[in-house]
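Engineer: The domain 'Electron transfer flavoprotein alpha/beta-subunit N-terminal' annotation in TrEMBL covers B:3-185. Residues or ranges marked as FAD binding site by TrEMBL: B:Arg205, B:231-232, B:245-249, B:262-269, B:Asn283.
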Amino acid sequence: MKILVPVKRVVDYNVKVRVKSDGSGVDIANVKMSMNPFDEIAVEEAVRLKEAGVATEVVAVSCGVGACQETLRTAMAIGADRGILVETDADLQPLAVAKLLKALCDREQPQVVICGKQAIDDDANQTGQMLSALMGWPQATFASKVAVGDGKATVTREIDGGLETLEISLPAVVTTDLRLNEPRYATLPNIMKAKKKPLETVKPADLGVDVTPRLTTLKVVEPAKRSAGVMVADVAQLVEKLKNEAKVL
Amino acid sequence: MTILVIAEHDNASLKGATLNTVSAAAKLGGDVAVLVVGAGSGAAAEAAAKVAGVAKVLVADSAAFAEQQAENVAAQIVAVVQASGGAISHVLAAATTFGKNVLPRVAALLDVAQISEIVGIESPDTFVRPIYAGNALATVKSSDSVKVITVRTTAFEAAGEGGAAAVEQVAAVADLGLSKLVGRELTKSARPELGAAKIIVSGGRGMGSSENYHRVLEPLADKLGAAMGASRAAVDAGYVPNDYQVGQTGKIVAPQLYVAVGISGAIQHLAGMKDSKVIVAINKDPEAPIFQVADYGLVADLFEAVPQLTSAV
Ligand SMILES: Cc1cc2nc3c(=O)[nH]c(=O)nc-3n(C[C@H](O)[C@H](O)[C@H](O)COP(=O)(O)OP(=O)(O)OC[C@H]3O[C@@H](n4cnc5c(N)ncnc54)[C@H](O)[C@@H]3O)c2cc1C
Ligand SMILES: Cc1cc2nc3c(=O)[nH]c(=O)nc-3n(C[C@H](O)[C@H](O)[C@H](O)COP(=O)(O)OP(=O)(O)OC[C@H]3O[C@@H](n4cnc5c(N)ncnc54)[C@H](O)[C@@H]3O)c2cc1C
């Protein structure tokens, strides 16, 4: 059984981005880039399924600029067997990414695709669901537990009121939530090994996909800053302020 | 131009998030129709008909919708949009786990983009949405024929009562049979829902243990009639269930008062609560970043300060 894991290169979660002064976007030149944390969780889950003998091959896919190769190498250092880069300089929106992934699913025929639930840059939370819809497959989003076997998967999902467990037929798309697993650190020998694993590059045109954006960004601004607060000396002063100044008690 | 709002409900009643979504829909101009996809959902449909500003309620009823799985619900929404022959210009749902699960499927099946978690409406095709954990606000324009949108509920008021919309049945689509519910473990609580609470008391890793979290924070929450939240660190450590998590990847809240106890204030946490009206932070570290967004900061040991606060309010 083959598992496909889409991995996105994003601004590292520790970086606080700055909005460009001309309002055209955020400044991501020279900032640290990493694999989207939810995608690390996805790779980890796929690799564990392989180690458990459920999966036979884990294929990582990244869509974007040439530097996404680094993200694919990271996935392979965690344990993915090979990588596919869909190389483009275009501004990729979730529908376009989902279409690229669909083309690869048609070619690779995975039984399970494990995506992150959201990318922490654009916070769209769409791609996995869109891919699932385009394939006509079931989906189990926001997964905190995944068991795969016998043409189906049982997935526990984090929902607003608590947890929900679904049984879905395969092939299917699963998207990861934070508590699915704790990704391992890639060891140096595995990082070295990853450099020799196969990495194929294709272009959106090779896959017959039009990636033209449907949304145009008109401007990007900083949110209004909160006005500076005050430090209070003790609980008595805090309660006094909440009652008389903020009037929330 | 018809704006279709997807009702979030449990068949018996309408979830509060739907009311905020109706308000966002009303800002677009045009008729607001609410679609209730459910199984025996007559009561939810009646509640939707009474919401101010709703012109029409559409009901698709089938056993296949009982558990609200994304595949069947999305197929139904797409059928309604297509049957409207172009009259439906927008499809809106709340950016809850339900809306986030279902709406991207709808968008993909209609071959349009989804605009996620909007916080503002500039015109019928131009919207404001946060990116990078709320550190930037993007204004985006959609060129698609149908706009599929999830709405951040904290950015729009809840619509009131006073409507008297007609309720109309629509044909239910066939069951796709792709997914089945095994079970749910819902957190039972007499407290207000996090998303709708006026006051939230939230605890972080500083609580030290599940036992401490409950022993120290619950009396304060009880006295304030508050909902209870947590940081990711507190959830990961097992102090409280996942649905308590506030933040970029948990729940987005904006209560009148947010009390952050033993929470350092990582950007991912701030993303979920910095639109609260008044923020109080209690932390023993004067350098904790939470103090940068707090209206009132108290540097103190929480195990002393919180019980004092509980008896003072
Ligand atoms: C205002 C704005 C500005 C933007 N600026 C830029 C920019 O400067 N540069 C730029 O490149 N893009 C830019 N984009 C595009 C944007 O950052 C995302 O690439 C795109 O919208 C996908 O959203 P997401 O990653 O949040 O998807 P989500 O649906 O949140 O992603 C979920 C999952 O899908 C998978 N996935 C998503 N994208 C990829 C991918 N590319 N490859 C492999 N797997 C993937 C991953 O598993 C991921 O965890 C911009 C978009 C907007 C709206
Ligand atoms: C992909 C991703 C998504 C994330 N999403 C979220 C999210 O949605 N929500 C979220 O919250 N986090 C999220 N995080 C995690 C975030 O980065 C932080 O790790 C987390 O918020 C820290 O939680 P904390 O403040 O409780 O813990 P810590 O940072 O450990 O802070 C504990 C605080 O308690 C204080 N303290 C300790 N003892 C006492 C005492 N006796 N009295 C008073 N104060 C005390 C300490 O001074 C410290 O400031 C995410 C991270 C990643 C990578």
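These residue numbers are counts, starting from 1, taken along the chain as shown.
From the backbone N, Cα and C atoms, a Cβ is placed for every residue, glycine too.
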Engineer: For the binding-site residues B:Arg205, B:His269, which Cβ has the most other Cβ atoms within 10 Å, all shown protein chains included?
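Structural biologist: In terms of Cβ crowding, the pick is B:His269.
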Engineer: Which of B:Ile263, B:Ala266 has the fewest nearby Cβ atoms, counting only those within 10 Å, among these binding-site residues?
Structural biologist: B:Ala266
Engineer: Cβ neighbours within 10 Å, counted over all protein chains: which one of the binding-site residues B:Gln245, B:Gln248 has the most?
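Structural biologist: That would be B:Gln245, with the most Cβ atoms nearby.
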Engineer: Out of B:Arg205, B:Ile263, B:Ala266, B:His269, which binding-site residues come under 8 Å of chain A, measuring Cβ to Cβ?
Structural biologist: none
Engineer: Across the domain 'Electron transfer flavoprotein alpha/beta-subunit N-terminal' (B:3-185), what is the average pLDDT of the model, as a whole number?
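Structural biologist: Looking only at the domain 'Electron transfer flavoprotein alpha/beta-subunit N-terminal' (B:3-185), pLDDT averages out to 97.
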Engineer: Which three-state DSSP class does B:Gln245 (FAD binding site) fall into?
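Structural biologist: Reduced to three states, the DSSP call for B:Gln245 (FAD binding site) is strand.
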